[in-house]
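Student: Please see the structure below; I have some questions.
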Amino acid sequence: MRPAFAVGLVFAGCCSNVIFLELLARKHPGCGNIVTFAQFLFIAVEGFLFEADLGRKRPAIPIRYYAVMVTMFFTVSVVNNYALNLNIAMPLHMIFRSGSLIANMILGIIILKKRYSIFKYTSIALVSVGIFVCTFMSAKQVTSQSSSTENDGFQAFAWWLLGKYSIGALTFALLMSARMGIFQETLYKQFGKHSKEALFYNHALPLPGFIFLASDIYDHAVLFNNSELYQVPVIGVTVPIMWFYLLMNVITQYVCIRGVFILTTECASLTVTLVVTLRKFVSLIFSILYFQNPFTLWHWLGTLFVFTGTLLYTEVWNNLGAAKGQPQKEKKN
């Protein structure tokens, strides 16, 4: 019952979170910093009250390790927000970040000297091809919209990659996120798993860093105040609609993270990975259909490669086959 409840939280929280994020980004593409600050503040306050016990509970993992982790986490969040401000469509943003498993695998080979099966290496190729296809085709679309002159596909791709830095930003965030995952893995092996504690410190310690973004956050707060008024259903309170979107984004982000946390404590990592992958696919489809984002046949092909490669990485089919064979073995015994 508890895992099923967690799956419901993940799909309800994460998918609806993407909706409100896109509503915010479509109106004010550069609002990523105020969104991130609100999410960090909400989770930090909740963790301070219920996890840190108003600061009276000592952390199981030394603060100096959290400082390193937080630097990576904060950098990834800011860079992802920066990428959203560089004319990247939300579907492409979600597809690109689906390569996190593969980035983690590559860094695991380099840093931890791990070795994997042929199926996992094949998944790298599939995801890499899928991301390249989607990036290549989206580059052509962005270029055609911003310039009346015609460029071939390679020139468009090079213009977007080098001139706008958007794909470079996403690549950096992808690799930094994978490096953070490896760092967390080594910490958990040494000190034990403390996911809820890590969630609190990852969101509380970076808060002073938002001082450097205070001007941008204030400017967008003013823009939010000047947005059209919206009457909240049920309670009947009238607020600027951008603040309503932000509030719903923060709440759904919390629901999403809590769902993932419950899954990690109740299910195997394979199950968690599969649920998150399917959630990304559902979010992607909804974003395309509801917001009518441009998506060609080539984009669908790239998407198929990405998600097939991700499922191949988790060895879903092998595990399903083993599960089917298990009852037969029991009958023979």
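Glycine too: its Cβ is placed from the backbone N, Cα and C atoms.
Per TrEMBL, the features are:
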TRANSMEM  32-51  transmembrane segment
TRANSMEM  63-83  transmembrane segment
TRANSMEM  95-112  transmembrane segment
TRANSMEM  119-139  transmembrane segment
TRANSMEM  159-178  transmembrane segment
TRANSMEM  199-218  transmembrane segment
TRANSMEM  230-248  transmembrane segment
TRANSMEM  260-291  transmembrane segment
TRANSMEM  297-314  transmembrane segment
Student: Taking the transmembrane segment (63-83) as the first stretch and the transmembrane segment (119-139) as the second, find out whether 3 or more Cβ pairs fall under 8 Å, excluding pairs closer than 6 in sequence.
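Tutor: Result for the transmembrane segment (63-83) with the transmembrane segment (119-139) is no.
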Student: Below 8 angstroms Cβ to Cβ, which residues of this chain, lying six or more residues outside the transmembrane segment (32-51), approach it?
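Tutor: Non-local partners: 21, 24-25, 57, 77-78, 80-82, 84-85, 196-197, 199-201, 203-204, 206-207, 210, 213, 216-217, 220-221, 224, 246, 249-251, 253-254, 257.
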Student: Ranking 119-139, 199-218, 230-248 by Cβ pairs under 8 Å to the transmembrane segment (297-314), which is first?
Tutor: 119-139
Student: Determine which residues of the chain contact the transmembrane segment (230-248) at the Cβ level, with the cut-off under 8 Å and only residues 6 or more beyond its ends counted.
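Tutor: Result: 16, 20, 23-24, 27-28, 31, 34-35, 38, 223-224.
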